[in-house]
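Student: My questions all concern the structure below.
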Ligand code: LRH
């Protein structure tokens, strides 16, 4: 009998639930519901609405139940690093802070006065970024945050939602790894880091790896949705972990770019690569499925455009892309990772201001802003790929672009031009596919990631972009390195 796997995939700007079913020689994905995920600004802070996300998941489950379809299991993946505090009575204590909240500015330095930066990096192998859960927790501790002070347990977003569905508390490995709380060698929570932020392993749920069962739907959820005691499986709870599991590669000599709100560029390795060079370049070693490690770097991605679109009403992506296509090349460039783009009140103004301050022509129309974003991203990809080549244990012959951003033809072509090797784009729903894959492996319907990758490669249409205009892009790269700050 065909089995349906229900994947919940939540990103920082939107979420979706998907029903994945294996069919003859392939995988069928059906979107059940899609919904926005908003940063909520109140009282000088930014939060997520976990109850709204929960309700959307319930709605998705109800839709499937009403069709009379069966569900073999449920898996949840979300963006990284955010968490909720849970009280002794099992209740959630306040909505979770969003990682764009500025309260963690300067947080790493505050922690490093007690435990050195090198010590934190050598234990975890995780790139130092203000918003990592380690620094968020330390910020809350320093601020005597009432939720943290009353917390019995800390649950990362995917684990918190699984808890709301099952009543069972777990700490899934991939999401704990990107939190900067896991020791990269032991692959368990690192007691010394927990202690540094006033916590211990008792403050976390049962530690599980992708493929393990969290529990089954509570009676309450069964009643609300009309479903039975369906198991919830811990997938790669970190969305990037699920996405990279679904890279449609036939060998391992590739780099990937998981393209969404963030652009995550890296390679897959069998063990952590933690040395002076990775530390200096601030590369991360995130735990993945089947014991793999993602040696990667975060690059500010579609966030730049997503935020500009707030000013531009309902203009569609294809419209914006075609406006950019007709604009003059390399008119102005930005460093997408400059701090000023982390969470500005007005992204378009922030880009214009950056160009003005760096002595470049300021974008005067929408297409020029979009072109500036795409060209700058492509050039930044080249810069990160160059670093990656010197760190990677394997050659890099192809770049696989996966995730929603892989639908952007213009950016894919710019990327191939900038990096000088072929770009293979797709699948755009890699995260949901990776989520379904892990559930299918847990159900015994799939055997391993390599086999699944072959299946994705043969059954999902992929598009290859060959490098063009490489001389112009080489010149632009030199200009990029000189003009951005
Ligand atoms: C992408 C992502 C990324 C994290 C960021 C917070 O959605 O999970 O891997 O660094 O969100």
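Positions of Cβ are set from backbone N, Cα and C atoms, glycine also.
TrEMBL entries are annotated by machine, without manual review.
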Student: Going by the ATP site in TrEMBL, where 12, 13, 14, 15, 16, 261, 306 are listed, which of the candidates 125, 167, 404 is also part of it?
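Tutor: Only hit among 125, 167, 404 in TrEMBL's ATP site, alongside 12, 13, 14, 15, 16, 261, 306: 404.
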Student: TrEMBL records 80, 238, 239, 240 as substrate-binding residues. Which of 143, 298, 311 is assigned to the same site?
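Tutor: Only hit among 143, 298, 311 in TrEMBL's substrate site, alongside 80, 238, 239, 240: 298.
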Student: Tell me, how many other CB atoms lie within 10 A of the CB of residue 14 (ATP binding site), whichever protein chain they belong to?
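Tutor: The Cβ of residue 14 (ATP binding site) has 16 Cβ neighbours within 10 Å.
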Student: Where residue 12 (ATP binding site) and residue 80 (substrate binding site) are concerned, what is their Cα separation in Å, rounded?
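Tutor: Here the two Cα atoms are 9 Å apart.
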Student: Sort the recorded positions 238, 239, 240, 372 by C-alpha distance from residue 15 (ATP binding site) and give me just the closest.
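Tutor: When the Cα distances are compared, 239 comes out closest.
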Student: Going along the chain, which residues six or more apart from residue 306 (ATP binding site) have their CB under 8 A from its CB?
Tutor: 13, 261
Student: Filter the recorded positions 355, 372, 404 down to those with CB closer than 6 A to an atom of ligand 1; keep them in sequence order.
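Tutor: Within range of ligand 1: none.
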Student: Consider the recorded positions 14, 16, 355, 372, 404 and say which one has the Cα lying nearest the Cα of residue 80 (substrate binding site).
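Tutor: For residue 80 (substrate binding site), the spatially nearest of the recorded positions is 14.
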